[in-house]
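What Swiss-Prot records for 107-114, 189-193, 247-250 is GTP binding site.
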Amino acid sequence: MALEKLGQALNSALKKLARSSTVDEATIKEIVRDIQRALLQADVNVKLVLQLTKQIQKRALEEEPPAGVSKKEHIIKIVYEELTKFLGTEAKPLEIKHKPTVILTVGIQGSGKTTSVAKLARYLQKRGYKVGVVCSDTWRPGAYYQLRQLLDPFGIEVFGDPEEKDAVKLAREGVEHFREKGVDVIIVDSAGRHKEEKGLIEEMRQISEAIKPHEVILVIDGTIGQQAYNQAMAFKEATPIGSIIVTKLDGSAKGGGALSAVAATGAPIKFIGTGERIDDLEPFDPKRFVSRLLGLGDIQGLLEKIEELQKEQEFREEDMEKFLRGKFNLKDMYAQLEAMQKMGPLKQILQMIPGLGYSLPEDAVRVGEEKLKRYKVIMDSMTEEELENPEIINYSRIKRIARGSGATTAEVRELLNQYNQMKKMFKSLNKRKLAKMAKKFNFGGLGI
């Protein structure tokens, strides 16, 4: 997940609260100091940190929990609510109201703008929109080929001409090209040659006059931390229809600083980049984001990922029911492992399940992902009968499977043990239990 270290530090503070024998003023102040340290290490502005934690401490000391809720649970709820408010409270989804809707993207050099354009195009395509992408980056000819490489596999057309030096002309011709083709959304990738806000905004103004976009999106590099405030503020003042994508949140200790800095300007954050895969772009919802950050899960996000796979006929509903009941064989397990890999990294999935977010060390998760790939190779060496009836796999079959897959007999036995454990685990981790875990804190942002 984005902001891994910040999430672990905040989760650690809440665990300290949960383990404490009493909840007095000293305990609350200690937890607040832990939260302050976590936020400052994530490059969140000192003034913002002090404002936030002062409010958390004030509420924790003054408020009485409602009937049936413990003091500890109420304090966790206060932390959740204040962090959510800190990052903007409500989600601000991208609206596609016109046909075609024209979106202009701008960003400082190195912000991850071109990759974000490809991710946004894919995101919209998966939601049923016909998308065209215009590359008007005349400063970096490689941008056109980069977009082609990313989007050709998905059948998303990229309009561009690496030889053309007039960015405004390219943008105008590209938009006209896709209007004639009747697409739903046109995304224009502008040049990322500027290293400061003034030049960026001037280019945005020129291209905007030429193509009249319905939405202008600024792409901000999450690794710059609280410096993002200046970019976001300059952008907000320059355009009344602006929104923001914050990128590279998966690999930066300063991501919290960038998110909080942008939120402080009031400019709407609509998406965040959470990884290198083309599908690693997610709508920014402060409630669900903070819920995952605190280790409280995101059931709605998990179910949405499953629904996406269902639409792509990779993850049938009846298969999911078998999975949750523990009534599945190795053939089902193989199909589900393939589908789960398409949902994203294992760590991201675990963080959507309440209580599992930070329970496994990073090394263990990485080893787990490698083992999943190994298990698929082993299952490829099994017969159809063995996949459908794992109970018939005896020692002689284990030896044959090991030889065929280049594995050891111990690895094959390990796979079979994992299969049996997964049956038990998913049988106990049914939807009702997940909902109960999430409802414990009565958080509206969990979507339950």
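Counting starts with 1 at the first residue shown.
Every residue gets a Cβ built from N, Cα and C, even glycine.
Cβ neighbours within 10 Å of Ser190 (GTP binding site), excluding its own Cβ and spanning all shown chains: 32.
According to DSSP, Gly110 (GTP binding site) is assigned to coil rather than to any helix or strand.
Under the DSSP three-state reduction, Leu249 (GTP binding site) is assigned to coil, being neither helix nor strand. The number of other Cβ atoms within 10 Å of the Cβ belonging to Leu249 (GTP binding site), over all protein chains shown, comes to 26. Counting every protein chain shown, the number of other Cβ atoms lying within 10 Å of the Cβ of Lys113 (GTP binding site) is 25.
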